[in-house]
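Notes follow once the structure below has been shown.
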Amino acid sequence: MTDRAPSWNGWEPAARPPLPAAARRELTRLFGSWPAPTPPVPLADVTLPGSALPDGARREFVAALGEEHVTTDRTERIRHAAGRAYLDLVRLRSGDAGGAPDAVLRPADAEQIADVLRICVGRRVAVVPYGGGTSVVGALAADRGDQRAAVALDLSRLDRLVALDRVAQTATLSAGMRGPEVEAALGGLGFTLGHFPQSYRYATFGGWVATRSAGQASTGYGRIDELVHRVRCVTPTGELDLGRGPASAAGPRLIDLVVGSEGALGVITEATVTVRPVPAARRYEGWSLPGLGAGLEAFRALAQRLGPGLAPDVCRLSDPDETRTTFLLGGTAARLARGYLAVRGHGAGCLAILGWEGEPHLVRYRRRAAARLLESYGGVPLGGTPGASWRHGRFGAPNLRDTLLDHGLLVETLETAADWSALPALYRAVRETLRAELGRVLVMTHVSHLYRTGASLYVTVLGVRDRADPVGQWTRAKRAVTTTIQSYGGTVTHHHAVGVDHRSALADEIGERGVALLRAAKAELDPTGIMNPGTLVP
Ligand SMILES: Cc1cc2nc3c(=O)[nH]c(=O)nc-3n(C[C@H](O)[C@H](O)[C@H](O)COP(=O)(O)OP(=O)(O)OC[C@H]3O[C@@H](n4cnc5c(N)ncnc54)[C@H](O)[C@@H]3O)c2cc1C
């Protein structure tokens with residue numbers, strides 16, 4: 001069996017880059033001293049309760065899937081015990097694999113999944129659909145609810161391009177394909193999905209659909225929920241096959257009940273999505289804006305005055321703290337650029353990364369339109385090097401997170417989206433809340449994913465980990481910052497999904513009737529409550 005999950009206690013095995021000396025100096029200055037290293041507990045010493053899978057259930061799973069696709073192997077269970085949130089990693093690193101399933105199953109297709117769900121209903125076994133294991137909202141730890149055991153349903157064998165319609169420019173893809181597999185299959189036929197979340201290397205197509213994921217180029221290509229036309233989902237009470245044609249007025253868009261359902265209603269087996277021809281030209285470049293206020297106004301203009309189709313496909317604006325840190329990590333060229341920008345009055349400026357993809361003449365035209373707008377807000381072009389360097393390193397940042405965790409730091413991200421009118425105050429309030437809760441912290445924020453009416457905010461927090469109670473430390477801060485986000489008009493999540501971490505805040509966001517509707521859908525599709533208990537549904 002191949003295990004394609006990220007390394008059990010981090011991102012990639014053995015990929016922990018040394019921290020640049022400048023970053024270490026800066027963090028020491030911020031935190032007063034440099035925390036001593038805290039290496040993770042070795043895999044052999046991780047605590048794992050025995051498997052509670054009833055023998056009868058195991059025999060039935062083996063009959064349905066074959067012996068080699070049903071395992072209670074210790075390492076397999078540990079590797080499926082959690083996602084990649086800070087708290088997941090803190091627990092795993094301390095040797096706690098309490099969220100491990102009792103077994104890992106690898107079905108090959110929708111029929112086998114239907115068999116597994118039937119067995120699980122009969123034997124009272126909870127099912128956690130497992131894509132790439134990159135959830136950052138606690139959605140993968142096995143919660144047995146009132147079931148007798150729990151299994152992880154690893155979807156890695158659902159790994160094929162089912163169909164490509166070159167005329168309509170749609171592709172039907174199996175749920176278990178990881179990002180590089182999706183792009184390799186489509187790219188070989190001249191197409192791209194254009195969906196590149198930072199977790200692209202590990203996350204799966206089905207996971208994207210199940211969490212309403214947004215990629216780094218989603219301003220141009222669209223979020224996954226904007227790209228899905230049709231979805232097939234096996235539930236404990238039967239299969240849903242939803243979505244016809246490019247658009248429909250046949251009642252409410254039920255497809256949206258499945259997109260974002262986080263494994264709590266059923267297992268997404270495949271979906272049909274819009275694809276585009278592989279771009280003939282790409283241009284990525286850096287710009288500097290004189291401050292966050294000017295940057296936000298310039299980005300709003302990109303979204304509202306250029307709009308979809310004309311605005312850059314990638315639009316990313318770092319606040320002054322993230323900009324400073326980016327330059328700090330960027331070496332000599334970056335330091336020289338920073339000196340030049342200070343002379344131009346951008347000493348506390350904001351770095352923007354913009355990217356255009358498509359036909360060469362359109363890329364040129366759109367780039368000129370954006371450049372004119374940015375210049376009118378005081379923007380200074382920095383050329384292609386920052387764009388190329390961002391593109392080169394864009395999936396590697398989690399490796400640095402592992403290094404920082406090894407050094408005893410708290411490192412976590414959070415995200416939201418709000419209307420343009422609410423963003424500046426929300427931005428300030430989030431920073432103040434994190435400072436009030438955590439004391440000395442480095443809070444770095446960027447704006448990405450532009451919409452006509454607003455944008456997302458993505459926040460990275462670095463602090464000193466409370467060694468006695470790291471879970472309590474972050475849980476309290478997260479609760480406070482979630483309250484702040486909601487009180488300033490932000491959504492509880494723009495693309496990380498609900499999972500367990502945002503479940504109670506979801507109730508505030510959708511209200512009592514909304515919760516009742518979700519519960520009714522769950523009662524209809526999963527009446528015995530085997531599907532990912534504890535996730536999504538408040
Ligand atoms: C370092 C890092 C960077 C990230 N960057 C981004 C980003 O840029 N954009 C973004 O949107 N997210 C990002 N994420 C979050 C995460 O990658 C996404 O939520 C992703 O869509 C999850 O996909 P997955 O295949 O790993 O799903 P998993 O983590 O395996 O599962 C996530 C949830 O979906 C359910 N699920 C998975 N597959 C199915 C299925 N086929 N049917 C039904 N339910 C299913 C699971 O039960 C679980 O509830 C990041 C995470 C990390 C760790």
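For all residues, glycine too, the Cβ spot is worked out from N, Cα and C.
It should be emphasised that the depicted structure is a prediction, and the values quoted were computed from it without experimental measurement.
According to TrEMBL, the protein carries these features:
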- Tyr458: active site, proton donor/acceptor (ACT_SITE)
- Pro129, Tyr130, Gly131, Gly132, Gly133, Thr134, Ser135, Glu262, Gly263, Ala264, Leu265, Gly266, Val267, Ile268: FAD binding site (BINDING)
- Arg401: substrate binding site (BINDING)
- 97-278: domain 'FAD-binding PCMH-type' (DOMAIN)
- Arg316: site 'Important for enzyme activity' (SITE)
Inset, instruction - Kindly point out which of the recorded positions Pro129, Gly131, Ser135, Val267, Arg316, Arg401 have a C-beta less than 6 Å from some atom of ligand 1. - result: Pro129, Gly131, Ser135, Val267
Inset, instruction - Can you see whether DSSP assigns Gly131 (FAD binding site) to helix, strand or coil? - result: coil
Legend entry - Chain-internal residues, separated by at least six, CB under 8 A from Gly131 (FAD binding site): Leu155, Ala175, Gly176, Ala203, Thr204, Gly206, Gly207, Ala210
Legend entry - Model confidence over the domain 'FAD-binding PCMH-type' (97-278), averaged pLDDT: 97
Legend entry - Other CB atoms within 10 A, centred on Ser135 (FAD binding site): 29
Legend entry - recorded positions near the residue listed as 'substrate binding site' (Cα-Cα within 10 Å), from Gly263, Arg316, Tyr458: none
Legend entry - CB contacts for Pro129 (FAD binding site) [other CB atoms within 10 A, all chains]: 27
Inset, instruction - Based on DSSP, name the secondary structure state of Arg401 (substrate binding site): helix, strand or coil. - result: helix
Inset, instruction - Write down the Cα-Cα distance for Tyr458 (active site, proton donor/acceptor) and Pro129 (FAD binding site), rounded and given in Å. - result: 27
Inset, instruction - Report, as a single number, how many Cβ atoms besides its own are within 10 Å of the Cβ of Gly263 (FAD binding site). - result: 25
Legend entry - Close in space, distant in sequence - Gly133 (FAD binding site), Cβ under 8 Å, 6 or more apart: Ala5, Pro6, Arg79, His80, Gly83, Arg84, Leu140, Tyr202
Legend entry - C-alpha spacing of Arg316 (site 'Important for enzyme activity') relative to Ser135 (FAD binding site), in angstrom: 23
Inset, instruction - Starting from the Cβ of Val267 (FAD binding site), draw a 10 Å sphere and report how many other Cβ atoms land inside it. - result: 28
Legend entry - Cβ-Cβ neighbours of the residue listed as 'active site, proton donor/acceptor' (radius 10 Å): 24
Legend entry - Longest CA-CA distance among Pro129, Tyr130, Gly131, Gly132, Gly133, Thr134, Ser135, Glu262, Gly263, Ala264, Leu265, Gly266, Val267, Ile268, per record bound to FAD, angstrom: 19
